[in-house]
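Chemist: Pasting the feature list from Swiss-Prot:
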DISULFID  Cys23-Cys92  disulfide bond
REGION    1-23  region 'Framework-1'
REGION    24-38  region 'Complementarity-determining-1'
REGION    39-53  region 'Framework-2'
REGION    54-60  region 'Complementarity-determining-2'
REGION    61-92  region 'Framework-3'
REGION    93-101  region 'Complementarity-determining-3'
Amino acid sequence: DIVLTQSPASLAVSLGQRATISCKASQSVDYDGDSYMNWYQQKPGQPPKVLIFAASNLESGIPARFSGSGSGTDFTLNIHPVEEEDAATYYCQQSNEDPWTFGSGTKLEIK
């Protein structure tokens with residue numbers, strides 16, 4: 001299985017500043033020119049919500065302050081400017097190879 005290592009496990013960011021979350025895969029999640037890495041946001045008591053698909057594509061309805069980048073094994077989620085409603089846990093997920101796997105999550109606190 002592909003192992004996804006997220007960092008940091010938690011972070012606290014001041015309102016209006018930038019939050020950066022990294023995800024490193026144990027092997028490439030690229031195939032035929034696309035990177036099969038996705039990012040999710042989960043708030044307590046709610047199901048995960050897709051933010052970014054295929055590394056850098058913004059899901060419909062997601063604010064443009066969320067952005068994703070990377071390819072191969074190294075990926076980044078950026079949130080800027082951070083808003084209070086962004087307090088949540090964020091997960092990377094690869095969909096290149098079965099079984100699809102998730103990172104362990106990053107909890108974002110807004111200061």
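In case you wondered, yes, glycine gets a Cβ from its N, Cα and C as well.
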Chemist: Does Cys23 (disulfide bond) have same-chain partners at least 6 apart in sequence with Cβ under 8 Å from its own Cβ, and which are they?
Modeler: Leu4, Thr5, Gln6, Met37, Trp39, Gly70, Asp74, Phe75, Thr76, Leu77, Cys92, Gly103
Chemist: What stretch of 1-23, 24-38, 39-53 shows the most Cβ pairs under 8 Å to the region 'Framework-3' (61-92)?
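Modeler: Selected stretch: 1-23, with the most Cβ pairs under 8 Å.
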Chemist: Please indicate, using numbers and ranges, the residues of the same chain that are 6 or more beyond the region 'Complementarity-determining-2' (54-60) and have a C-beta under 8 Å from a C-beta there.
Modeler: 34-38, 66-71, 75
Chemist: With every protein chain in view, what's the tally of Cβ atoms within 10 Å of the Cβ of Cys92 (disulfide bond), excluding that atom itself?
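Modeler: Within a 10 Å radius of the Cβ of Cys92 (disulfide bond) lie 30 other Cβ atoms.
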